[in-house]
């Protein structure tokens with residue numbers, strides 16, 4: 001039984017000892033302590049809901065919040081830092097303290113997290129020699145500049161705030177390309193004023209390769225294999241055992257199932273970990289959403305990009321609602337703590353606003369001349385090396401490559417498309433090129449014609465040994481009849497807020513015809529009479545309007561300028577989460593960029609559908 005009611009940040013303001021280890025237990029300010037943690041990422045949750053998720057953590061019996069810090073959001077362009085609005089880390093950590101939660105901060109620089117390039121900014125890849133996650137000078141100089149801005153925000157929130165531990169990098173044992181790297185990251189933290197306990201975090205196989213002297217090793221897993229925690233003991237003797245990531249569910253890839261992890265099996269494993277006297281962090285307590293283009297990808301046997309939802313089958317749903325896991329864990333933790341827990345906050349109801357008509361459209365080909373300036377280049381240029389954004393290149397979205405051809409024939413990508421290209425001759429769709437399809441036949445025709453490749457960055461790989469190879473767009477030559485194409489016009493389609501705003505005022509919007517093939521932008525309005533609530537947008541075929549129309553196929557949805565993320569008819573995800581705070585009373589503008597076949601309506605529904613489920617093995 002532990003009574004931790006006195007061990008909360010606001011009562012231990014200005015503490016002197018912090019979190020320590022004494023043989024096999026943690027001490028907090030000299031008192032026995034166990035970490036009952038949960039992961040919530042501020043960058044995946046609307047700021048208006050941060051406190052709600054924290055109150056639900058407290059009601060579940062947790063005492064510690066863990067969060068990653070995504071470098072690629074805080075420094076989107078090299079040298080320009082953003083810690084405002086939904087990226088206000090200081091506000092998030094201070095709110096945790098006010099709500100009685102300690103914090104384990106995981107500042108990276110690499111975070112994995114099913115997040116584009118594991119949180120590393122894509123402009124690092126402008127350097128053809130870049131060696132990410134090593135002591136390569138180009139990498140450490142960038143990390144140092146980032147930490148110089150990040151650490152002054154978090155350092156004051158140690159003794160006079162909620163931070164009790166800081167993680168050194170993340171799962172480096174699974175990468176382990178540079179034996180000096182972990183010591184470099186540790187020193188970078190210490191030199192900038194980090195004084196709290198340092199930890200590392202690895203899965204079983206990487207455990208012994210990810211250690212660094214002076215940091216407590218912790219382990220990540222979902223199934224408690226026999227001897228797993230003893231293995232942790234063999235790596236570091238006589239130290240408290242901590243599970244930094246107990247995976248409460250799993251993430252989904254486009255084209256696969258929606259993974260779920262059995263609630264009883266999960267709770268039984270947590271109970272077993274607690275019986276062994278270990279501390280635990282639930283990854284995720286609440287997953288949230290990969291809004292915009294920020295999803296990561298896997299590259300094992302083949303490239304698979306992650307879906308927009310980061311529901312994760314976690315303890316709370318993507319929209320922050322309770323699951324059976326929440327109530328089972330609450331019961332378990334309340335028995336261990338032996339104290340009454342706060343009542344769970346009331347759930348916010350969800351809205352079903354019904355059918356929304358997309359009444360106007362404009363073809364991408366009509367948008368390019370007034371809004372986009374081409375970059376002219378003899379050779380194809382990958383996305384990151386385009387001269388844009390104060391020389392930081394393009395990070396996300398699409399790139400359109402145009403080249404003049406004479407005649408048709410055999411088009412071959414030599415596997416230089418990253419990740420998926422729609423191919424057009426003038427405005428006629430010819431086919432797609434990707435990892436599996438590397439050649440197409442182009443129809444013969446009279447005179448000179450425009451060959452257009454609209455290339456989508458579907459998300460950079462976030463885990464494994466291929467991080468240095470994550471450049472996007474065309475990463476090399478494309479051949480027509482064995483001759484490399486030359487003299488490109490290249491258009492950046494990052495779909496940033498300024499572009500989306502200018503799109504509203506461009507001339508050429510017209511009524512949507514019965515049948516239309518993209519790429520094109522579509523717009524409509526959602527009218528809300530009362531206080532807006534969370535809802536889910538379902539993109540589906542609309543036989544009511546046109547029996548021949550197949551419905552929405554693949555693209556991106558924007559609401560009032562906010563990028564909700566990608567949809568794709570191959571699933572599993574069928575609804576996009578639309579947070580109430582992003583809506584307003586009255587008129588709300590919805591813009592959809594559809595790559596291929598468009599519908600006429602989308603549905604606002606009050607229940608998410610994340611796809612056909614499959615239990616995690």
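Numbering starts at 1 and runs along the chain as displayed.
The backbone N, Cα and C atoms fix where each Cβ goes, glycine too.
What you see is a predicted model, and the numbers here were worked out from it, not measured in a lab.
TrEMBL annotations:
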type	residues	note
DOMAIN	25-334	domain 'Glycoside hydrolase 35 catalytic'
ACT_SITE	171	active site, proton donor
ACT_SITE	245	active site, nucleophile
DOMAIN	393-494	domain 'Beta-galactosidase 1-like first all-beta'
DOMAIN	519-588	domain 'Beta-galactosidase galactose-binding'
### Query
Under DSSP, the domain 'Beta-galactosidase galactose-binding' (519-588) has how many residues in helix, strand and coil?
3 helix, 34 strand, 33 coil
### Residue pair the residue listed as 'active site, nucleophile', the residue listed as 'active site, proton donor' - Cα distance, angstrom, rounded
11
### Message
With Cβ-Cβ distance below 8 Å and at least 6 positions apart along the chain, what are the contacts of the residue listed as 'active site, proton donor'? List them in sequence order.
### Response
112, 201, 202, 203, 206, 210, 220, 463
### Message
I'd like the per-state residue tally for the domain 'Beta-galactosidase 1-like first all-beta' (393-494) from DSSP, helix first, then strand, then coil.
### Response
3 helix, 53 strand, 46 coil
